[in-house]
Structures are given as C-alpha cells and as structure tokens.
C-alpha cells in the first residue's frame, strides 16, 4: 500500500498536516491529499507545489479472527501514556518479551476480542485493502477544532514481527 505523509518542512514551518493517508493496492482513482492548516495564516497551494510524501510500504494481509481471550503480555492493557516519557529503558530483554517474539500458528491471523457487546469486528473494505476498518463502540461528538479518542470495544493481538498502525 502507499501511505500519504506530511512533508516535514511544511509541518514544522507552516503547521500543515495530512489526513486520510492510505492508498490501497487495488485503488486506481486519482489520489487526493487532505491538508489541515493548523497555522495562523492561510496557506496557498500553487500548481506544482510538493504538498505531501507518498511512501510505499509492505503490509501483512493476515485475516482477522474473533477469540474469547488474548494471551498476557508485559505491556498488558496500558494505553495512551502508559509507557511514560521519562522512564529508563530496560536494556535486558525479559523472558516474557522473548516468548512473545517466537512465532506460532496463532501468528497467522490478527486475533480480536470484543470488550463491549456494541463492538464490530474489523473488516477490510476490499480483499486488497491495506487495513481493517474500525468502528466506534459508542456515540461521540468531536467538537469543531477538537479531538477525541473514539473507543472500538476491541482488544487485539497482532502477529509477531508486525505492528498495527491506526491510519487517518
């Protein structure tokens, strides 16, 4: 798939960011770039201006399977901010981390556990879609100019050697 990313100079100097940044393998339409101007001045785009980066990335195409429980990890359910910003880095690998690094047949799928009855299982928009669509597990209002963390009602275990990225 291709990821649309902001240009660092525009982000740092003009406060211009990108949103909606995934182009699936099977998409053949014109690519558009969603720009957000977080700066105090209008930002004029002139024909030929480089407004974003298109980064080609490989993606794991494993299926999604629902499970009743997930294995325990050292990180556990610690979410946003749980690893802190000033903690010392533990250079010695823990036995638990080494166990997680080994692969198993369960690594051939993303395992998903519903934590709320209102949760919807992740689905791909097409067979070649890079990502799974995530749905809200409860109603939210994101205020104009604001932000919100919209919970999905899902816990996941991803295959060893991969990472999951929530893309805009």
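Placement of Cβ uses the backbone N, Cα and C atoms for every residue, glycine included.
The feature domain 'dUTPase-like' is assigned by TrEMBL to 1-84, 119-168.
The predicted model assigns the domain 'dUTPase-like' (119-168) a mean pLDDT of 92. Helix, strand and coil content of the domain 'dUTPase-like' (119-168), in residues and according to DSSP, is 0 helix, 8 strand, 42 coil.
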